[in-house]
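Annotated in Swiss-Prot:
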{"type": "COILED", "residues": "63-167", "note": "coiled coil"}
{"type": "COMPBIAS", "residues": "1-10", "note": "compositional bias 'Pro residues'"}
{"type": "COMPBIAS", "residues": "143-164", "note": "compositional bias 'Basic and acidic residues'"}
{"type": "REGION", "residues": "1-37", "note": "region 'Disordered'"}
{"type": "REGION", "residues": "141-172", "note": "region 'Disordered'"}
Amino acid sequence: MSVPEPPPPDGVLTGPSDSLEAGEPTPGLSDTSPDEGLIEDFPVDDRAVEHLVGGLLSHYLPDLQRSKRALQELTQNQVVLLDTLEQEISKFKECHSMLDINALFTEAKHYHAKLVTIRKEMLLLHEKTSKLKKRALKLQQKRQREELEREQQREKEFEREKQLTAKPAKRT
């Protein structure tokens, strides 16, 4: 049993020939496209074309329609997935902003504690300054009394000195 050889390229002889060398074009064969001139060579029946087109459509149309429906369903699913993804992203952003808000509240608590501490210190300082003012007032009053007493004492001593000094007697 022999295996048939593939056909030679268009217009080229592969075997020995009487008048042609190997590799030369064969007379009567064209170097142009194999489809050239087909319409002129074969008569076409419109009814046959319609049947062929109908057969092709009936064979491939159901698969194409199923593919179209599947693509539409995939597109709808993608839209749903995109919407869901956008919702999740917004939830993530809200969660992230909640973390920021929590950080702000923590910072606010910290500063509130500082303010409370400062207020307590200010109240203590106010109390101390009030006590110091009262003490200063008492000391000032005491000094004034002591000064007044010294002045009165000096006046008394001066009066006494005055009385003790010899007075010329009156001549009568």
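Glycine too: its Cβ is placed from the backbone N, Cα and C atoms.
For the coiled coil (63-167), the model's pLDDT averages out at 94. Helix, strand and coil counts from DSSP across the compositional bias 'Basic and acidic residues' (143-164) read 22 helix, 0 strand, 0 coil.
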